[in-house]
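**Q** Attaching a single structure in structure tokens format; questions to follow.
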């Protein structure tokens, strides 16, 4: 829940004003809701009226919804969407790592692409990660680093309270900039891809809904506090990545923390993407040696793919925005609400049906707006 996008929240407030604060709360509620209905799609009632987990993955849910049309069509669509989003996320982490190293060591005569290669070398052990347990440990370290970054920024902002002014908030909004803010805020919460696996690996799955409520609640509080204090400190001078506003001595420290966070964040989407591809192409009849060789080949290929795209894809940020508008909105809003309506229609109340339809429409509009803005940006860049 606490990704790189969080650092862009103050900049989002710059373009969304007071409505941005409402959006942070609304996005938390919507993402929490779609997470719950997605997990609800994993369960069916047995003859005794008890809920039984009949499906294990996002793919299983999609296949159940599309089984009359094609037994595997839904799963293929979901898997392709997931892999694209996860791989683009991995590439973003490599791009960010190269950029942070360049800014942290400006006097070292090394290009940003070379720094990305150096960061890539540190990620080679990802080829040998075989269980989610290892990934979860790395994610815990990532969270600790993230809280250090947030603590440093908020502490500095609190020392500047004497210059805070609510007059810095905008009342009039530019529509395109507002849409950018919506994208940053919504996609700072997205985690639906990982939820079926997470719920399936919990010691007590019955506590999942409670866990989801509390994590989104605390994420909302933290993001609102962070975005508000940072924006009140810098106002119109707020930059896209808020750490660029810090004094030089703090900026270097925070950039190195961000680098650590980016490298620790990489294994989770990488592991998820490679597991999806491996499960699609593997055959249980293979020997242990062949299975291990196939797994290493898949992971090695994905590692190399992320490096090549990070180094040679021009205007990656715009392409990331385009893919995020398609895959991010689909996995977070469109598909969970659509699947929930399809699988649970007869058991849903009128208000629940209205809620699902509203979320679907909202997700479609966000996706459409993001696609239009991204394509417009690409056309302007390419002349």
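Glycine is treated like the rest: Cβ placed from N, Cα and C.
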**Q** To which of the residue ranges 44-64, 359-379 does TrEMBL assign the term transmembrane segment?
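**A** It is 359-379 that TrEMBL annotates as transmembrane segment.
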**Q** Who are the chain neighbours of the transmembrane segment (76-95) in space, where the CB to CB distance is under 8 Å and they lie at least 6 residues beyond its ends?
**A** 4, 58-59, 61-62, 116, 119-120, 123, 193, 262-263, 265-266, 269-270, 272-273, 276-277, 280, 302, 305-307, 309-310, 313, 316, 319-320, 323-324, 326-328, 330-331, 335
**Q** How about the transmembrane segment (292-312) and the transmembrane segment (178-198): do they have 3 or more C-beta pairs under 8 A, pairs 6 or more apart in sequence?
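**A** No, the transmembrane segment (292-312) does not contact the transmembrane segment (178-198).
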**Q** Could you check whether the transmembrane segment (359-379) packs against the transmembrane segment (178-198) - three or more CB pairs closer than 8 Å, residues at least 6 apart in sequence?
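**A** The answer is yes, given that the two segments have at least 3 Cβ pairs within the 8 Å cut-off.
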**Q** Which sequence-distant residues neighbour the transmembrane segment (253-280)? Criterion: at least 6 residues beyond either end, Cβ under 8 Å.
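**A** For the transmembrane segment (253-280), the sequence-distant neighbours (Cβ-Cβ under 8 Å, at least 6 residues beyond its ends) are 3-4, 7, 59, 79, 82-83, 86-87, 89-90, 93-94, 96-97, 100-101, 103-104, 119, 122-123, 126, 129, 132, 134-135, 138-139, 141-142, 145-146, 148-149, 152-153, 193-194, 197, 243, 246, 294-295, 298-299, 302-303, 306.
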